[in-house]
Ligand code: SF4
């Protein structure tokens, strides 16, 4: 007889073993929690805009922030950006993104090399033909000199063409050739692994190397990272490149990374969303956090559960209340992290009618079941699973919001009750 309990395994696989890397005080890999990172889209030479955006990303919860270092003016600005961020109390580690001339920029701007907490290099464009190894070696030597980790970040859009051609040729002469897609996946893996091996030969420690292998298709991403995870123990940075705009980017990134994280693969993530014109760059941080939190890996911000609504509740009261509370929580979180330690574990429920309202609300720390169409205009509130009060009248929303804030103060504030402290 089959053991049915084995047929429905719904817990994540144990985390893959990886070598921990210290990035400016933030640990990536080992058994450290999966780290959220993001990237600016400002011109790094424009220090004002870059400082403002890095600060916004860090305050939204980004634990590492990558900035483009593409020319002398950008490299020269980096130490000033770092200093100004520290002056305003933002000490998020900065990662420098280098392409083509990283070796030169790091050598010509030692203050930049020192101010950055990690260097990201792309083995596909670090140099070509005879210059490739020389320029790669120069970057690795700079990393060793300044005691910085590197991310060897392969990207299929700029894949090492010499390596790909070599593997394609080898594949043709093979009796049972792989498909072009399989060869491409293998080239992506090999590009990262060979570069990491070369970095080690040059003297860079394994605890200074993070690998990434970004592609734009979900199935390719899952296959490439599953393979990399088996072939090395370097810390892995996950990210779907060119994920796209809005829901497309969110869904594709969450689908691919969710599967990998469930398999215990991934030590840091970035969700590369294309912002809408004038859109908020911090959205990518929010999506990364929500992915990790909804999967149960980390907690960042109180969750507001709300029903989708249906024909049983034609008013918009519960939608407005859910949104109002969610917005208030998000805006308050930077201060609440200090003021109310542990508040990120809070669950709030805002439900539209009696069908699922009381049940869902009882499971939340604090929840309200609003009256649906035709129901008695009364809204029971549940606190820690017990019905405590029934709100009535036109001021239900404000009264419930006040109750949530009061609950937070009592449970997570300095005067938190002993009952909640031990629970
Ligand atoms: S809780 Fe009520 S209003 Fe909300 S989706 Fe369910 S039946 Fe509809």
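Glycine is no exception: its Cβ is also placed from the backbone N, Cα and C atoms.
Annotation comment: TrEMBL describes 20-288 as domain 'IspG TIM-barrel'. The annotation domain 'IspG C-terminal' is assigned in TrEMBL to 304-404. The [4Fe-4S] cluster binding site annotation in TrEMBL covers 307, 310, 353, 360.
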Listed in sequence order, the binding-site residues from 307, 310, 353, 360 whose CB sits under 6 Å from ligand 1 are 307, 310, 353
In chain order, residues whose C-beta lies under 8 angstroms from the C-beta of residue 353 ([4Fe-4S] cluster binding site), counting only those at least six residues away in the same chain, are 307, 312, 313, 369, 370, 371, 372, 373, 375
Residues sitting within 8 A of the centre of the 307, 310, 353, 360 CB atoms ([4Fe-4S] cluster site), not counting those, run 308, 309, 312, 313, 318, 351, 352, 355, 356, 357, 372
Across 307, 310, listed as binding-site residues, the smallest other-CB tally within 10 A is for 310
Per DSSP (helix/strand/coil reduction), residue 360 ([4Fe-4S] cluster binding site) sits in helix
Residue 310 ([4Fe-4S] cluster binding site), DSSP three-state class -> coil
